[in-house]
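Remarks on the structure that follows.
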Amino acid sequence: MATINQLVRQPRKRSVEKSDVPALQNCPQRRGVCTRVYTTTPRKPNSALRKVCRVRLTNGFEVSSYIGGEGHNLQEHSVVLIRGGRVKDLPGVRYHTVRGSLDTSGVKGRNQGRSKYGTKRPK
C-alpha cells in the first residue's frame with residue numbers, strides 16, 4: 001500500500017481504454033471508397049456467404065466493412081459511409097456500411113426495421 005506522501009509525489013496511473021473502432025478516430029461515422037467488394041464465409045458453426053467490402057477511408061485507414069440487408073448495389077469505387085459495430089462470426093470485420101447514404105442504396109421491399117436499412121416509408 002502506498003503512503004499518502006508517495007501518492008502526492010506520483011499519483012496512481014489511470015488505465016487507458018482501448019477503442020474497439022480505432023479507424024473512426026472518435027467520429028460517429030467515416031466516409032470512404034470501396035477498393036474491393038466480395039463475399040466471405042463465417043466462422044464455425046455458422047454457414048453463409050456474407051457480403052463484405054474493403055474500404056479506404058478519408059483518414060487513410062483501410063478497413064473491412066459488412067454490408068447488411070438483402071442485396072446491395074456496391075462495387076469498386078463506390079463512396080460509402082461506415083459506422084462502428086463488429087460482426088461476431090467474421091474475423092477482422094469491425095465496421096458496418098450505412099445503408100441508404102451516399103452511394104449505398106436502401107434495402108428494397110423492407111417494411112420492418114427500415115431505419116437500420118435506409119428504406120423509405122412505403123406509400
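In case you wondered, yes, glycine gets a Cβ from its N, Cα and C as well.
Annotation source Swiss-Prot lists compositional bias 'Basic residues' at 111-123.
Per Swiss-Prot, 3-methylthioaspartic acid is recorded for Asp89. Taking a C-beta cut-off of under 8 angstroms and a sequence separation of 6 or more, Asp89 (3-methylthioaspartic acid) has the following same-chain neighbours: Pro42, Arg43, Asn46, Arg50.
Listed by sequence, the residues of this chain that lie at least six past the ends of the region 'Disordered' (1-22) yet keep a Cβ under 8 A from its Cβ atoms are 61, 84, 86, 94-95. What Swiss-Prot lists as region 'Disordered' is 1-22 (among others).
For the region 'Disordered' (100-123), the DSSP counts in helix, strand and coil order read 4 helix, 0 strand, 20 coil. Per Swiss-Prot, region 'Disordered' is recorded for 100-123 (among others).
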